[in-house]
Amino acid sequence: MEERRPILHMKDIHKHFPGVKALSGVQFRLFPGEVHALMGENGAGKSTLIKVLTGVYSIDQGYVEMEQKRIAIQSPQDAQEAGISTVYQEVNLCPNLSVAENIFIGREPRRFGRILWKEVNRAAASLLEERMNLSIDVTLPLHAYPIAIQQLVAIARALNISAKVLILDEPTSSLDRGEVRQLFDVMNKLKGEGLAILFVTHFLDQVYEISDRITILRGGEFVGEYAASALPRIELVSKMIGKELKLLEELPKQQADANEAAGELLLEAKSLGRKGSIEPFDLSIRKGEIVGFAGLLGSGRTEAARLLFGADRPDQGSLRMGEAGAVHTPRQAIDQGIAFCSEDRKGEGIIDDLTIRENIVLALQASQGWFRSISKKRQSEIAEQFIEALNINPPNPDQLIKNLSGGNQQKVLLARWLLTDPKLLILDEPTRGIDIGAKAEIQKLVMSLSEKGMSVLFISSELEEVLRVSDRIAVLRDRRKVKEMSGDDMSEQQVMKAIAGGGEG
Amino acid sequence: MKHHLFWPVTVLALLLLFNLLYDPSFFSIKLREGQLYGSLIDILNFGAPLILVSIGMTLVIATKGIDLSVGSIVAIAGAMACLTISKGADQNSIGLVATAILMSLALSLALGLWNGLLVAGVGIQPIIATLILMVAGRGIAQLITSGQIITVTSDNYEYIGAGSLFTLPFSIFIVAVMFAAASLLTRKTAIGLFIESVGNKPVASRLAGIRSRAVMIAVYLFCGLCAGIAGLILSSNVSSADGNNAGLWYELDAILAVVIGGTSLNGGRFYLAGTVIGALIIQTLTTTIYTIGVPPEITLVVKAFVVLVVCLIQSESFRKTLMRRWRTRRYPAEKELTRHA
């Protein structure tokens, strides 16, 4: 393999954004006739690298070689002309045009300026037939077909425009198993025809099923390039997370709190699931217990939490909260004492244009209704109390929340939910993107809350953190809850093995 | 940062100043037959319906919505009231006038509810949902009036739009009451907070437990009510209902008033006092154009030009660009010096 020359070679790529080194010294090689998986956790630089390659971002330092020739990619147009095509997770086609139109839009065969529709349809049908093994009616609008077919159509269009390198960015995240199978068949066929495919996914099983080689990035840096067959799963996970397995074994085991059996049952989910988001799972949480969710990005952690809060509707299973019964909407969840801090702090948490004070009282006020208004004086008192207790900066209740740093925004959101005095607090990535000091404060707070009898569901990508705060840990992988562990079973090594799955690798 | 009312008030003051220079008698107010007369009073009086509609529109826009049907609701409300009165034996009886008012306000609320249900219940985009009633509403108004202009002779009805109380036009008091009601409802209850929250971040608001549907329906209801009252004032002022022309293009003036008042079309924070000043600016502008005798065929162009200038002045980025250009032109050397500072 090594004698062959790479069709695409990215050398020593650097990319800076104000205040952030998104990529530093990253290299990437892609050979003809291979599927190459690009792996990394959130913020590792995968999407930046792809955007650099497709001309969305310009390169600060380093260069790209295509077939041993240096090329400058200044725009997506340049990338396409160089033979690099991309198919994104969400299909970038026009759903209301026909399949054939989507494939040939802008490049229709014409005669005397008239589009030859018959020729368009015939060519589209034969293209799909030959390259995708897909025989469908190409005159129907694209939206008549499921996402999987739309994805294949997008690939066909990409190949038809220019086809040396194909980038598939999270193509499988909205597909079911059969559809993934179909996509993989096509990928294998194209690979056999000599196409180089760059594949991005966070499903480990799929990586091992389809890829020949794996490049791992972490924190914007190049970790290594490996043959898939020579890299055990658990090593892949430890390289992505950035922890050496040997070191882990030497770490002292965390002492779990002894109160796990003591508390009464608070919440019980039975085979709760939602198609395309999380497979049915059982979960029970006791009073005063901290349950951690561990798993990689996209493993279904957030999806499971959203079902528990009623933010998404489950399509099967049941959820009971104490005596009170079912939960269908966020509002019902709040009324029954559940609070949910979303991982998407900016999109689903803070209300930008409101002040710290207003953001804090929002959930309590919502549950009190329109007319039992909390007076402005009382609001300020509450806000000042939390600003002091959580050390929120700036300590001014009338500051707009959008002007705060991430960590302080997170504290305001915590205050919002603590004010409602919940029985169960769901924290999805509460420490992501905030500085170490604030991180430690939030972890301490969570533990002291549980001592006072509040149950907490703690979700985090950082294993260390989950292990430190949790009494019990549920591990999720590929949208399934795969393991639950508590007490002495809980170690980084055990959790990592469960995350990696597929035996010992 | 300047107070949010700074620019609207400045613009209004400039407009008034212009009028004062052009015609010093503009500010004079005379007391005749127990009623005050003068251009300023006229602006308040004739501006009353627009202010009302704009107040309702402010809350709708704060939820990131828009209500294009207010002009049609104005026409329908006037038509309904005039029709009821014209059918009565004694057009001036208090009972009949009260019935007419109640019926037309109930109808306005129903139309507001219709808009609210389309937007919050069915989930149609506000601009499309209210476009339905904007177009169909004109038809409904003409159905009510049978395509005619209904004229009524009822002193009691006429009082709403043309009467006077404590030497001031009665319509001013209606506006004051509605403005106070809107301010109290949004600032003394939690509704204002919910409106701003839903308008700013609908998803985050839902996760915080706010029932955003109820909030949206409430603002369209209120907007319908405001438009209905405006319709009563307009039709009562001329003692007739014209399904075709009453309240024509009110929705556009109202949206403009809201924007001039500082509320963003992107929803979120809203400023009721700003809206009132915005509506006054538009009314003053209309009055000014008449007093200085702009030829009728170009009045709209003049109005459009002034509105454009007002909007540009309000834009912070435009002001900055303008200031920078102006400085570089005058002190090119100084800019060179301060660049590295």
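For all residues, glycine too, the Cβ spot is worked out from N, Cα and C.
Your range for transmembrane segment, going by TrEMBL and the list B:120-137, B:246-263, is B:246-263.
Counting Cβ pairs closer than 8 Å to the transmembrane segment (B:43-62), the top stretch among B:93-114, B:214-234, B:246-263, B:270-292, B:298-315 is B:270-292. Here the transmembrane segment (B:68-86) does not touch the transmembrane segment (B:298-315). Their Cβ atoms form fewer than 3 pairs under 8 Å, with each pair 6 or more residues apart. Using a Cβ-Cβ cut-off under 8 Å and counting only residues 6 or more beyond its ends in the same chain, the transmembrane segment (B:270-292) has close neighbours at 4-5, 8-9, 11-12, 15-16, 18-19, 22-23, 26, 39, 42-44, 46-47, 50-51, 54-55, 57-59, 61-62, 179, 182-183, 186, 192, 195-196, 199, 253-254, 256-263, 299, 302-303, 306-307, 310. With pairs at least 6 apart in sequence, the transmembrane segment (B:214-234) and the transmembrane segment (B:6-22) have fewer than 3 Cβ pairs within the 8 Å limit; the two do not touch.
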